[in-house]
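According to Swiss-Prot, the feature region 'Disordered' maps to 1-26. What Swiss-Prot lists as Mg(2+) binding site is Thr87, Asp89, Glu102, Gln121. If you look up Swiss-Prot, you'll see Lys104 marked as site 'Transition state stabilizer'.
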Amino acid sequence: MAIGYPNGKKYAASQEELPQQKRKAPVTYGKRGMSLEDDLNDTIAYYLTHEIAVIHKKPTPVQIVSVDYPKRSSAKIKEAYFKTPSTTDYNGVYKGKYVDFEAKETQNTTSFPLSNFHDHQMTHMANVLKQDGIVFVIIAFQKLGETHFIPFEKFYPFWERMQSGGRKSVTIAEIQDVSDQIPYGLNPRLDFLQSIDKLYF
């Protein structure tokens, strides 16, 4: 319905009086608000609460260099550095077996760069494997929405190939050939124990 003035002119609202249309942000399906580490931490908390497995994330070692004591009851760290971690991110026990694994994520869609791993991590995982532990790598391709469970014995040949002058990355096709894809769920978020049951028990 048009509104008019008594003199016959039509009413036109100013820009300030018009309701502002809200601009909707474009919908993105990448990341979905959680990182691989968050997903794994939620998953292992679920396992612990339901007495399924005891797995913990190891804290990142920090070297404290300088501390200030402004009060007797408090301390303020003024300078600290990350130490190079000597082992993997996660370890624990499941069905009486020692479990040890490293988790990495990438934004790449075609390959995973092996530079994300370090020599000392590979040495540690190889040593755990020699002691008959369950050792594996979880790699998440965030943009693809895929998370892969790779037994260490199938992942290590890619590392050896790089060490002998070969490719410095693993293609997504190579990973899909040797891995078990972990489906996303509600609880637990990333049920990697399904992969352990399938491959080791």
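Yeah, the Cβs are placed from backbone N, Cα and C, and that goes for glycine too.
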I need the least crowded one of these binding-site residues (Thr87, Gln121), counting other C-beta atoms within 10 angstroms of each C-beta. Thr87
Going along the chain, which residues six or more apart from Glu102 (Mg(2+) binding site) have their CB under 8 A from its CB? Thr88, Asp89, Tyr90, Phe117, Gln121, Met125, Val137, Ile138
If I restrict to non-local contacts, at least six residues apart, and a C-beta distance under 8 angstroms, what lies near Lys104 (site 'Transition state stabilizer') in its own chain? Leu36, Phe112, Asn116, Phe117, Val137, Ile138, Ile139, Ala140
Neighbour tally for Asp89 (Mg(2+) binding site), based on other Cβ positions within 10 Å of its Cβ: 18
